[in-house]
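Asker: Dropping a structure here in structure tokens format, bear with me for questions.
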């Protein structure tokens with residue numbers, strides 16, 4: 001499905017600000033995998049997602065979806081395979097367009113956009129049905145400007161827009177982090193049900209360890225541009241947040257020790 | 001007064017073009033100063049060389065579209081700042097327009113233009129020609145309304161509204177930007193071609209300061225008539241163009257001369273931009289919203 005091979009990304013190479021964001025990262029996602037990604041700030045989580053979505057070019061390594069390399073594909077072309085929800089609830093929707101217009105835009109993901117009406121009667125019925133599953137009452141406000149919605153509503157809509165065309169890969173970039181706890185919980189629940197409904201191969205970055213353990217069938221932990229821990233479904237099911245913290249401290253300590261020894 | 005209405009409706013076509021870039025694409029495009037004249041120059045030279053007026057007018061529009069395309073490519077592929085890209089094309093067009101025309105002024109007085117039948121029938125300056133021009137402007141307005149609600153048009157709207165989002169949905173925003181600039185400048189050049197035939201000459205300096213006329217039409221029109229949806233917004237743009245011509249008409253009547261009009265345009269735009277911020281015109285939009293609020297479902301109203 002998604003195959004990442006030895007990807008490296010360095011920001012500001014050759015300057016005093018040089019920073020290795022990803023250091024020889026390899027990762028394979030199987031169809032239907034729901035992987036949660038945790039790690040401290042600057043661990044490379046967001047960079048990894050930007051590499052997959054094509055927002056930033058890869059320095060070296062390869063990235064393929066369904067067996068074919070997409071490394072040189074620009075972001076808008078890769079969007080045919082990759083759906084994405086951003087951390088900022090404002091980022092995933094067009095505020096001046098209506099709910100149904102936003103959905104119509106998302107419906108054409110990866111397809112030609114011609115001179116057919118964007119919102120037809122048939123599409124509107126489909127949108128209504130999809131919005132019903134959010135249980136936010138948005139199905140009755142199809143013509144409302146998205147800019148009028150709350151952050152939580154916009155993020156739920158973004159999630160729907162990123163997923164309802166069933167892209168090969170769904171990327172979630174701390175998409176609940178900017179919401180209040182109640183809204184975050186709502187969007188988390190929606191994420192769970194939407195991913196399950198469409199069997200989406202998903203990569204979700206989160207700061208919330210409890211959430212990372214609760215969702216998905218696999219968990220990876222990143223640190224300083226590398227994947228330092230990869231937990232499978234079986235082990236993940238019995239893991240607790242303290243376990244995870246202990247694991248992190250152990251690996252981090254070990255890596256520091258190694259460096260100290262080598263130094 | 002009638003002539004002011006006629007001119008206003010004709011210039012409405014140009015204002016619709018400016019509306020596409022300035023409001024929909026969120027791109028201040030200065031190309032229009034040049035492409036307006038290009039449309040006039042191409043149409044006028046072709047008519048003088050015996051090409052039928054409708055064909056010459058279309059060719060004028062197409063030449064403007066090419067100018068818009070150049071600005072679009074400079075901005076997207078060349079990564080040149082939008083304002084500068086527009087200025088570059090505009091300045092380059094000055095020379096090109098002179099080349100097309102061969103001299104700085106091309107009279108069309110004895111040529112067969114689109115306006116000749118109207119003039120011969122004695123309709124110009126009367127109610128019928130105003131109606132005809134209004135229909136022409138409205139046809140273009142409705143075509144734009146339709147276009148903006150298609151899949152392609154929606155992706156253009158989204159390009160101006162949230163570029164990151166629409167790219168993540170698979171739209172090549174370079175393409176939509178270039179396309180919009182081409183359509184916009186095509187409309188501006190179409191207007192130039194029509195104005196040249198209306199006034200009976202093309203002049204190399206006829207486009208100078210035109211961007212301000214376009215902006216004034218868009219801003220004033222939408223301040224007065226509102227912009228709640230595309231249908232109203234594009235209608236308001238034509239209304240704004242007519243209001244602008246009426247303001248000019250009365251300013252001339254009050255003893256100002258045509259050379260003062262650039263200053264009047266600039267002051268009008270500054271006023272339209274600043275007054276709402278200072279709360280002076282705030283009352284007008286709020287009255288408008290109260291009226292429209294009554295017409296829509298209550299749950300849309302609160303954040304309006």
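A Cβ is built for glycine as well, from the same backbone N, Cα and C atoms used for every other residue.
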Asker: When you get a sec, could you say which of B:7-25, B:26-44 is annotated transmembrane segment by TrEMBL?
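Answerer: My reading of TrEMBL: the transmembrane segment range is B:7-25.
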Asker: So which residues does the transmembrane segment (B:82-101) touch in its own chain, when a touch means Cβ under 8 Å and the partner is 6 or more beyond its ends?
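Answerer: For the transmembrane segment (B:82-101), the far contacts come to 27-35, 37-38, 41-42, 44-45, 67, 70-72, 74-75, 202, 204.
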Asker: Where among B:55-75, B:177-198, B:204-225, B:230-251 do we find the most Cβ pairs under 8 Å to the transmembrane segment (B:121-144)?
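Answerer: Going through each listed stretch, the top one turns out to be B:230-251.
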Asker: Hey, would you say the transmembrane segment (B:230-251) packs against the transmembrane segment (B:7-25), going by three or more CB pairs under 8 A that are 6+ residues apart?
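Answerer: Taking Cβ pairs at least 6 residues apart, the transmembrane segment (B:7-25) and the transmembrane segment (B:230-251) are in contact, with 3 or more under 8 Å.
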Asker: Near the transmembrane segment (B:55-75), which same-chain residues lie under 8 Å Cβ to Cβ, leaving out any that are not at least 6 residues past its ends?
Answerer: 27, 29, 31, 34-36, 38-44, 46-47, 81-82, 85-86, 88-89, 93, 114, 174, 177-190, 192-194, 197
Asker: Using a Cβ cut-off of under 8 Å, list the residues of the same chain at least 6 residues beyond the transmembrane segment (B:204-225) that approach it.
Answerer: 11-12, 14-15, 17-19, 22-23, 28-30, 32-37, 40-41, 94, 97-98, 101, 104-105, 188, 192, 195-196, 232-233, 235-241, 243-244, 262, 265-266, 268-269, 272-273, 276, 281, 284-285
